[in-house]
């Protein structure tokens, strides 16, 4: 039932203070107005700063996108016009004609998707066990994982290459990994070495550490299997983490250049970053085509981040890594 | 909790694991020492061979594919696959391939790379009578040797000399290109002023410009056997001092190097002369076509110092047969095919580079390229080249900062040459 409360005049309402009344906080309204103004000015300054910072951050990308549509002769002008005078959209078509970018993009997508899926599956399992399971070597394994993050790629590339090349019973190799080429020039070589990244294991562990152990104990008392606890109870709690790892792994796979270059020889296994490199020759570079290729290669990652940025930031914030 | 001890233990375990993994075998065929057989019968050739190339990217790839198709037409039982790799990753690709024992059958690499990879047993020795029978100039072939034998052949050259702005020369009343380095320095100083620098020496590559001058003063990088550095001797000191004097007088501006992608100061009219490579033709064609017109620019070889002959710097691509190739006869046949005059013309037309001989069928791409035409007229002067030691790959990356430190006033000439010697001695001692 709705009842109308009696309306009191300002003068009759004891809870109200007439700020305009003489002798009663004469400067409060001025102060509030001043505070509001200060807040507005502060917000405007912050907004201006953020706009400038955003523009500075976006400048290289804008420059890349604009250069992708320039005539090559325009790049020789001094000073180079900020906005292309002759918009050459055909640079994109020419770029696609110069190399089989359809195949390269397909391969990059497969490689990036595989990296995202495999890392989410395997690294989350590793991260969960390091965070929530007690076993004798857990500290050692965790320390080893952290140490592995610190080893630069260049230090591991030859050992990993040797493992790939000597993979037993693949590519004509014997059981001892001799005689053939193993996984060289195959999807195995492209995907398997990047299937679990130590950094992603570490990241997942940080996410799992923040989940309530009481839930796990309750589930154990209820007879849920350890895999069931991991997959159905705890992992759904770290969805931002799953998305963060998936995005980071996808990005790493999409931008991967050196490893695919080293382990593949066939054109039909080459990835988009290798294709872009074809615009650079020993002493010259087709900058307008390079920019067009790079712009096209950047688009999928930009779209992914635009769509998932909220979860992505949330994921990083939740893991404590900023 | 992660303790420091457990972290260190894990790091140590990782290191041991990596070391163990690195100790893989490097089987990969392997053939007897000695030159490859360049005379195998076509009917005897069969199987697969692979080509590793940092060239023939983009549009030029069709040219390579066509050359290979012609080879396979003549050798129907041989199939060829191409592994293309970016120039700046070629060393990594070759190094990992060597470690894994899966080196390509035919390898294209850079000038200066021959001794290091020949010494490692990656490039096979080529028969002297075959190489000398091709008729290439001795100056071009010098960088293809190791230990007195040939291990590669120049297939597409990138040669360097000086171009000049004719209008600026005429405005100063200069009618003849300089004949000595002293004259060149004088002209560079005369042309400097009013927003113009006389000579852009450093845009192309500082290390290679210094080596070019070293040879112009009659010096070399190493002794003939490649086991003793000579770059620090008197010609090296003179080359360094020549650049420093020009920087002091303003004839050369260290800060005038064009960033990648930018037109060079010469293209912008801010430098009267430039030490440039023949590859500049591609940039001229796309960015400033007016420079490609006949008579638009003048050209001359870098003059010699101390009474030496003028000299061209030699870069570019070489081709070798893999020592570990399982199908060496077919690989040798493909190299022979690439060195055929018609193929040299076709390949260099596609690449925009300079063939190692002028004795090729005429193609419009080559004959209309004025930089290439000038270089072809002076192939006998292309004697300045990087390399000459099996340790070169280890030295070359560290040489540039030493030269730059000197040119920017952080080290004097004596210290610079001493550092060069130490760097080279250390690298050679590890061979």
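Every residue, even glycine, has its Cβ placed from backbone N, Cα and C.
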Here TrEMBL annotates transmembrane segment, and of A:87-108, A:109-130, A:219-240 the range meant is A:109-130
Checking A:187-208, A:253-274 against TrEMBL, the stretch recorded as transmembrane segment is A:187-208
Expected hit for transmembrane segment in TrEMBL across A:1-22, A:287-308 is A:287-308
Maximum Cβ pairs under 8 Å to the transmembrane segment (A:142-167) among A:109-130, A:187-208, A:287-308 is reached by A:187-208
